[in-house]
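Student: Can you read through this structure? Questions will come right after.
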Amino acid sequence: MSPMWLANAFQWPVWASSCCLGLLMCLLSLHIIEKLFVVQRSSQKLSNAQPKTTMVNVTFAHFQQQYLVVYGLVMFADWLQGTHMYSLYQSYDVNVGALFLTGFLSSVLFGNFVGPLVDKYGRRKACLVYCALEIVINILEDVPIMAVLLVGRVLGGISTSLLFSAFESWMVTEHRQRGFADSLLGKTFALGSEINGVVAVIAGLVAQLTADAFGDIGPFRAAVVVTAIATLFVFSWSENYGSPSGDDSKEVQKAEHCGVTSNSGLTLDSYALGLCYSLFEGAMYVFVFLWYPTLEAVLPSGKLPSGLVFSSFMLCIAIGGKLFDFVGNLWIREELLVLVTAAVASISLLIPTVRFGDVVNGIIRLKQLTSIVVLVCKGLGELSVHLSRISGI
């Protein structure tokens, strides 16, 4: 498969096809290296383990599949929406910045209330509410009226909070209620992370194909179908609720054992970690907000294949995860990796400003206030979420 073939078959620009294929080859190469060296070493360690540890737990495998199928579908639908949101709003000739900000603010406002409500009324119900909201939101995206789109963004903030609280909470509680070992939780999370990366890449390609066929609204219509399928699987789940008195006491004991002595249960390191993470997330969401208009402005002609570009971004994330695994085996301190990552990110964000100064500066001047508010809102939202997690889930 060559970039020219993709360009001719799907009428995609050669530069976008070449970039996506090159990144895919890089990721596959890293997978091969991992299989040849890393897995080979780990298999030698496992050869001395007891035979019982290698037996397949059919019940756990069924439970894991039950969760991961739904998780993969809802994440696939979520990624589908992110590829063409900016271009869709731009085609409606509405205030794109206001719509993005509304979604971020809604996530900040409702994020602190969703968790306790999910625990009280049930995780399965919350997952069904999420699916219903997503179907409604994607239907509303078909209406080119600012007021309707604003309602969709408010609901989008609520659904985002549900997405990152209800599904994983259901899985963890159900895992323990069924008596599975806590050590197996890591396997489910690892598989979920890998599935998330795979469906993100596929979502970009599917979004591009649906956008080519139906316009910018195509990915949102596809997301309705995918979410409806996920809803059918959620109906087969059993209900579970939060237990405020159970696991939290264990977390408090762990915190006390680790030397957390402040009244709020947080150390300065916890605040520093939350602040750094929030600033980084805020900066990344400024990038999310500006990458489409920036690339569109510097293209000499033709429409930007945002789905294909999105897949390239997701491939970069997967490559970064693999590189982190490799570098982690070299006993390099995480603090140094964070500094290097922040430096590389800063340089990367600086390149468009230097190379395409006039175009990018014009965009930044136009959206400067919006970008700053996005940074602050998203950063504060992430900070509040992570501080609440640290203080006790």
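Each residue, glycine too, has its Cβ placed from N, Cα and C.
Found this in TrEMBL, in case it helps:
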type     : residues : note
SIGNAL   : 1-16     : signal peptide
TRANSMEM : 12-33    : transmembrane segment
TRANSMEM : 96-115   : transmembrane segment
TRANSMEM : 143-164  : transmembrane segment
TRANSMEM : 184-207  : transmembrane segment
TRANSMEM : 219-238  : transmembrane segment
TRANSMEM : 271-292  : transmembrane segment
TRANSMEM : 304-324  : transmembrane segment
TRANSMEM : 336-357  : transmembrane segment
Student: With pairs 6 or more apart in sequence, are the transmembrane segment (12-33) and the transmembrane segment (304-324) linked by at least 3 Cβ pairs under 8 Å?
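Tutor: With 3 or more qualifying Cβ pairs, these stretches touch.
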Student: State, in range form, which of 96-115, 143-164, 219-238, 304-324 has the highest count of Cβ pairs under 8 Å to the transmembrane segment (184-207).
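Tutor: The stretch with the most close Cβ contacts to the transmembrane segment (184-207) is 304-324.
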